[in-house]
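Undergrad: One structure follows; several queries about it will come next.
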Amino acid sequence: MIWVAVVITMLLFILVAKPTGIYLEKAFQGSKKLDKVFGPFEKLIFKITGVKEYNQTWKQYALSLVLLNGFMIVVVYFIFRLQGVLPLNPAHIEGMEPTLAFNTAISFMADTNLQHYSGENGLSYLSQLIGITFLMFAAPATTLALVMAFIRGLAGKELGNFFVDFTRALTRVFLPIAFMAALVFVALGVPQTLDGAVTAQTIDGAKQSILRGPVASFVSIKELGNNGGGFFGANSTHPFENPGQMSNILQMMLMMLLPTALPFTYGRMVGNKKQGRILFVSLFMVFLLGFITITTSELNGNPALNGMGIEHVQGSTEGKEVRFGTVFSSLYATVTTAAETGAVNTMHDTLTPIGGLVPLVNMMLNTVYGGVGAGFVNIIMYAIIAVFISGLMVGRTPEFLGKKIEGKEMKLIAVTILFHPLLILGFSALALSTSLGTDAISHSGFHGLTQVVYEYTSSAANNGSGFEGLADNTPFWNITTGLVMFLGRYFSLITMLAVAASLKEKTVVPETVGTFRTDNSLFGGIFIGTIVIVGALTFFPMLVLGPIAEFLTLK
């Protein structure tokens, strides 16, 4: 029965992807019906804020994005620092320590949601609502806006206006869908209140303080926007965030909704729907391989315990919630790292070595399917690399969407693809070379190395999940992961927007018999191979020293 539920869940991922992709294309490209519904409200916003609806250059678009995001980081930083004297603080929680406030503000603006604090004890209701939830809408709206400009550039059209796209992302996508999802979560038992903690009497007569809050509205945008941060420290393992299997499936659907839809949006906007389908199917195959790998490993249990003759019918159950079980915990771990959300319904630090390797590889690749917007930019980056390599092998000038891929584009892509591993491996080396980093490790040996690399991989990929055995709420970890999150977020977005702007200016080369097609199964295979060879092999030495070595040791 459990496998039937898994198949149905995956079918739901597939079935909602195309309709959502079509809706996104209409929402941003202009639809009379949508303009009639949302247009008056958006024009009012533009009038109040002084936004002029004109086409920007890629530099203007990127500058607008960075300045708006930077302003939001500063505002939210001071909310965290001053929450102790601000209203809506029934638990009288004090202001955040400076480096933790720095880390948290960047974390949520970068759509990472790395949490070096416990949600219910670290933030007031005001900080949760005005700080955290506000950024949970603004962060994915930023990248959804940018990916639309990116696709327009690839299609040879004007990039558009960042503030217009940002507003449309909020009014036409995130606010309506999150609102409806929040109502469903309330119906499923997720609390939504501004009241403080309630005191309950336990069976043995003791008193217990049960924390609550505006959780349903928080969880809906947490998953839809690929944010992932928890209202509670236990994240989606907490019964108030994720009461049962229905809420669990809904959360996974929300996580996958926009990332899986964007290939279809892309196909429609560039006038090649088949190419969008090829990208979707290719990535789903990689996703499926990851799920099969982690599930097989978790169901086989811990090799060390198996050798003792301990029964493991349910697989490795350490760190997992009984109400979800091993299979759905494995699926959730695959989804949350494939879609770069970072929400967890099981503790990733307790996964088996190969089970923990899958989430780690998903984040290292950062492209299966990746987070809202940012992930799709990486998908196209790998697609262009695949075309470039194929062109070199047959001695032809590489072409993508009928436009020649030349030195300028490849230099930008080369720098972009190297920057991600540089952040991860460089900062991991720094942490391992100083006691400021190694003192946080709770496990010696191979697993300790994986803890460190996982933290920086999660930060660079804007995922936010962690091997929570790492004692990371220290100035060193707060500052270094904050820098990695910021650089990992904005560097690739800007460089790839420059690539799209460069391609926009090029004339379309007529298609000939020798043109390498990017909308067939051959390209899909080369695309997958490029992801594996260029992406995964970059990190292979580290994976050998971490989870693979740990697995062989346990064996």
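The backbone N, Cα and C atoms fix where each Cβ goes, and this holds for glycine too.
Marked as transmembrane segment by Swiss-Prot: 2-22, 60-80, 130-150, 173-193, 246-266, 278-298, 374-394, 412-432, 483-503, 525-545.
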Undergrad: Per the 3+ Cβ pairs under 8 Å rule, pairs at least 6 apart in sequence, do the transmembrane segment (60-80) and the transmembrane segment (2-22) touch?
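TA: Counting Cβ pairs under 8 Å (6 or more apart in sequence), the transmembrane segment (60-80) does not reach the transmembrane segment (2-22), since there are fewer than 3.
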Undergrad: Near the transmembrane segment (412-432), which residues from the same chain, at least 6 beyond its ends, have a CB less than 8 A from one of its CBs?
TA: 364, 366, 381, 384-385, 438, 440, 449, 452-453, 456-457, 459-461, 476-477, 480-481, 483-484, 487-488, 491-492, 495-496, 498-499, 502, 534, 538-539, 542
Undergrad: Flag the pair the transmembrane segment (374-394) / the transmembrane segment (130-150) as in contact if three or more Cβ pairs fall under 8 Å (sequence separation 6 or more).
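TA: With 3 or more qualifying Cβ pairs, these stretches touch.
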Undergrad: Please indicate, using numbers and ranges, the residues of the same chain that are 6 or more beyond the transmembrane segment (246-266) and have a C-beta under 8 Å from a C-beta there.
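TA: Tertiary neighbours of the transmembrane segment (246-266) are 5, 9, 12-14, 16-18, 20-25, 140, 144, 147, 151, 154, 173, 177, 181, 184-185, 188-190, 219-220, 223-224, 226, 236, 273, 275-277, 279-280, 283-284, 324, 328, 331-332, 335-336, 338-341, 343, 345, 369-373, 375-376, 379-380.
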